[in-house]
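These features come from Swiss-Prot:
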| type | residues | note |
| --- | --- | --- |
| BINDING | 22, 23 | phosphoenolpyruvate binding site |
| BINDING | 91, 120, 121, 122, 123, 124, 160, 161, 162, 163, 305, 327 | UDP-N-acetyl-alpha-D-glucosamine binding site |
| MOD_RES | 115 | 2-(S-cysteinyl)pyruvic acid O-phosphothioketal |
| ACT_SITE | 115 | active site, proton donor |
């Protein structure tokens with residue numbers, strides 16, 4: 001397995017171009033299964049999960065190629081099962097189920113894998129599809145969906161806010177008969193992006209980005225060209241990199257309007273922030289960040305995918321900061337690794353209390369999930385001495401060329417190839 005070797009400490013300063021959003025590109029690629037004509041998807045990041053998704057679409061019978069953009073032609077899809085071999089590494093594969101049953105009347109997806117972050121049940125996806133008229137069975141480790149004829153529009157009230165299930169229901173409902181209303185829908189920018197992609201193909205969707213989405217079913221979806229929005233979590237990660245190292249960064253090709261909660265907390269931590277239409281600059285003017293209190297929440301609240309990075313910020317900040325995780329259980333697995341580097345913290349249930357220290361020390365640490373692994377790499381950049389981050393395949397699932405971008409900010413980081 002590959003690992004990163006990071007020599008610190010470094011004040012990270014420079015300019016970074018942000019890639020397309022993984023959490024929008026994945027559902028958009030799966031939603032391309034709904035289209036009877038070719039689609040071109042631009043600004044798709046180069047990530048392990050994207051490669052897996054493209055391979056999966058190919059196994060279903062779609063023609064998929066990448067030459068800058070990703071081109072998907074699902075007109076000849078003739079396989080309706082997403083097998084365990086591909087699905088085992090990636091939770092997002094559940095997004096194949098809705099488009100398959102909506103367009104072809106049947107679909108099977110092996111129960112998915114992915115990051116080890118507590119319970120992420122597929123129950124809400126299943127319940128939503130059942131309310132649209134699908135019959136669902138769980139057999140031999142597979143979720144099997146079928147419907148006679150077409151799915152039927154329904155008034156669906158989500159039991160809890162779920163990004164993944166909102167996308168599944170919205171995508172499937174585009175080809176249902178009649179009108180579907182999703183109440184208590186998730187509001188994340190990636191849902192808006194997926195809706196806009198579907199609208200480009202001819203879907204009739206309104207209200208995406210609010211807690212009530214309305215979908216008027218259509219007979220078919222055609223082709224089109226769509227550009228994926230910038231990755232707000234990658235943007236936030238590089239902003240934190242500059243903040244914890246008392247440095248400066250300009251993030252280009254990003255969307256400041258998707259990061260209001262994160263920018264507010266960075267300003268509270270003492271960062272000097274400026275924004276334009278497609279850029280954000282952060283300058284610490286050489287000052288240590290101040291500890292902040294963070295509580296994760298569904299959008300437009302503070303994103304859970306920035307929690308690990310802000311845990312690190314608090315652990316090197318001036319003062320004591322409290323972080324409460326309300327979205328996922330078991331999402332503080334990075335904290336014991338940071339304690340190995342000299343951080344002071346206590347975990348109490350879904351809260352971590354961070355006592356800021358002046359410096360961290362390099363150590364051998366292990367990545368446990370995508371965002372946790374990013375925080376360990378950033379910690380290595382500011383720690384005294386050498387940090388080795390193991391199991392970085394987690395990072396490759398969600399960050400496009402993170403070491404190259406950190407090097408542009410001055411980091412001394414090297415990828416050591418595994419056997």
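Glycine too: its Cβ is placed from the backbone N, Cα and C atoms.
Shown on the structure are the features that Swiss-Prot records.
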{"residue": "22", "record": "phosphoenolpyruvate binding site", "CB count, 10 Å": "25"}
{"residue": "23", "record": "phosphoenolpyruvate binding site", "CB count, 10 Å": "26"}
{"residue": "91", "record": "UDP-N-acetyl-alpha-D-glucosamine binding site", "CB count, 10 Å": "18"}
{"residue": "121", "record": "UDP-N-acetyl-alpha-D-glucosamine binding site", "CB count, 10 Å": "11"}
{"residue": "123", "record": "UDP-N-acetyl-alpha-D-glucosamine binding site", "CB count, 10 Å": "11"}
{"residue": "160", "record": "UDP-N-acetyl-alpha-D-glucosamine binding site", "CB count, 10 Å": "9"}
{"residue": "162", "record": "UDP-N-acetyl-alpha-D-glucosamine binding site", "CB count, 10 Å": "22"}
{"residue": "305", "record": "UDP-N-acetyl-alpha-D-glucosamine binding site", "CB count, 10 Å": "24"}
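A distance of 18 Å separates the Cα atom of residue 121 (UDP-N-acetyl-alpha-D-glucosamine binding site) from that of residue 23 (phosphoenolpyruvate binding site). Comparing residue 22 (phosphoenolpyruvate binding site) with residue 160 (UDP-N-acetyl-alpha-D-glucosamine binding site), their Cα atoms are 23 Å apart once rounded. The distance from the Cα of residue 160 (UDP-N-acetyl-alpha-D-glucosamine binding site) to the Cα of residue 23 (phosphoenolpyruvate binding site) comes to 19 Å.
Each residue contributes its Cα atom, and for residue 91 (UDP-N-acetyl-alpha-D-glucosamine binding site) and residue 23 (phosphoenolpyruvate binding site) those atoms are 11 Å apart.
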